[in-house]
């Protein structure tokens, strides 16, 4: 029976109704070591929150695709800053940090926000001071690679960047910029600035054998962002969402667009109404498409029975989305692929 179930799971294409069993770990992108780490935590008796913290934390150590953890995505001043969140679907507690500086383990600090404060989100220098009080060391997040990325960007007249309606023309030169007296409104060409190559947040959902749901994210944000910019990753309901009465979801991509729609919360609410996880993910993507057809983004979904799915927005250069799934039906954490819509 076990062999038969494994073969069934192996031939089920991503996007079809997934075979359901618990526990399940699902994470964005082909971040295999993160998936393996989270799965080992569950197998050794760790909690769902432990699995989220260790799994996302592994990506911080590995500097997954340069877009998670230290040494990647320098902002406009050349500094790498981190965003992360973790959510407990039993208590609905959230711990999050944004614009975290000089501390490498962002998801670990986010967990401490739940455990040692009555707050939800800490930001900037104050988040770093909190981290130090919790025992995390100050460490330089800059590397030779991030310095090189910053230098190349400066040499390319600071292109691309995230300014608009300023002088000098931000599409041709570096700042400092001043606001233009007349503001012009035009379509946002988000797909040209964000791509699979420069913004790959890890988002993870873990559902235990009892149906307990936890979720989390970690990222160093959009490369060349304005200092102080916070994307969707540390925002509950945007970057991820967990509710043990329904399921969990996590998003990745252009956070400035996606956070406006609370996609993770919306996906969980669709699943609460009985919608299949794959369809829930697709409905979320379709909703954003109506307002930003060229946005770069994807979402993963899993319900409390262990069914899961994913969806992404099809744009040039991004027609498929790869994600990881760990389940008793699979012999090991397995990469799956879904066609974008």
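Cβ atoms are placed via backbone N, Cα and C, with glycine included.
Copied from TrEMBL, the annotated features are:
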- 1-19: signal peptide (SIGNAL)
- 201: active site, nucleophile (ACT_SITE)
- 229, 230, 231, 232, 252, 253, 254, 255: substrate binding site (BINDING)
At a 10 Å cut-off from the C-beta of residue 255 (substrate binding site), count the other C-beta atoms across all protein chains.
28
Would you please pick out, from the binding-site residues 231, 253, the one with the fewest other Cβ atoms within 10 Å of its Cβ?
231
What is the interatomic distance between the Cα atoms of residue 230 (substrate binding site) and the residue listed as 'active site, nucleophile', given in whole Å?
13
For residue 252 (substrate binding site) and the residue listed as 'active site, nucleophile', determine the Cα separation and express it in whole Å.
5
Hey, what's the widest CA-to-CA gap across 229, 230, 231, 232, 252, 253, 254, 255, the substrate contacts in the record, in Å?
16
Using a 10 Å radius around its CB, how many other CB atoms surround residue 232 (substrate binding site)?
32
Give me the Cα-Cα distance between residue 253 (substrate binding site) and residue 201 (active site, nucleophile), rounded to a whole Å.
7
